[in-house]
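These notes concern the structure reproduced below.
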Amino acid sequence: MLSFQLQHSQASRQAAKAAALGFARTISSSSSLTRAPITLRAGCAASQQHRLFSSTPTHQLRDFFPVKETPHIQTTKPAWPHEGYTYDEMLAVEPAHRPPRTVGDYTAWKIVRFARYCMDKATGMDRDQKSDKTKPTTAIEAEKPLTEAQWLIRFIFLESVAGVPGMVGGMLRHLGSLRRMKRDNGWIETLLEESYNERMHLLTFMKMCEPGWFMKMMIIGAQGVFFNSLFVSYLISPKIVHRFVGYLEEEAVHTYTRCIKEIEDGNLPKWSDPKFQIPDIAIQVSTYQHSYNKIFNIDTSLVLEDAKRAPYDEGLDPLHQG
């Protein structure tokens, strides 16, 4: 009995000693944990003090990635690569116009003319810089040429608007295909490819200039109004919307063709300079030949693409829209 009590008392003392040691370790570890956040917070505060203000202007923070490929940054192939055009094919395109015939045609044509009027006002085009009003989509001569800055503003505004209809039409047809549980027979891919194509045009010109805050606000407002208007219009009459896009492409052909003529006439010296290099994104997407590495070839290629798309969108008008 006595030996059992001695063993029990020794076991109790050992348990108490172990508990005391464990409590001490817990206190020391907790104190170290409480000290660590103070150090971390001090470090974060110090780093934030260095990063709260920067002398680098925000307009210099451009989205430029290194040309050399790395394991984490690689150049991906375009989702819809453009076919290559020969130099003669690009120069053979001329502006054309499809006269309105129906009420829907006249409606689409008048809306495009109103949009053209707004773009002329927004980009600061003078009266003597405008071409013949009686031939709005074919006349490419004016008394006074535009400057490089005016052309870039027009290009950016035009492409930011032209990339909306394809996305709206493709989205609505995608949802319609899901509702009806039927194939769309290629309409969705065609319209989305058109929207993607216009967006790549915009990204190409964005590598050449950066719009100011006023232009960006204009683009945001125009996109908000344009997207919702096209959304409702496509639900009511897809034919009129496709006719509208066809006339919009005619305006694009006219714009780029006139710019080409002014480059050829020597009115745009910066772009006529043989040392001028076009952005790499234009070469990657449109497969330009390096011997024709000029802004002239961007415009001629865009003319050919828009010239093909104008009759194509107008050809979607008489097709069955279901």
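Backbone N, Cα and C atoms are what each Cβ position is placed from, and that goes for glycine too.
It should be emphasised that the depicted structure is a prediction, and the values quoted were computed from it without experimental measurement.
As recorded in TrEMBL, the features of this protein are as follows:
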type     : residues         : note
BINDING  : E159, E198, H201 : Fe cation 1 binding site
BINDING  : E198, E249       : Fe cation 2 binding site
TRANSMEM : 213-236          : transmembrane segment
Note = Neighbour count check, CB within 10 A, over binding-site residues E159, E198, E249; minimum at E159
Request  = Calculate the distance in Å between the alpha carbons (Cα) of E249 (Fe cation 2 binding site) and E159 (Fe cation 1 binding site), and round it to a whole number.
outcome  = 10
Key: H201 (Fe cation 1 binding site): tally of other CB atoms within 10 A of its CB   = 27
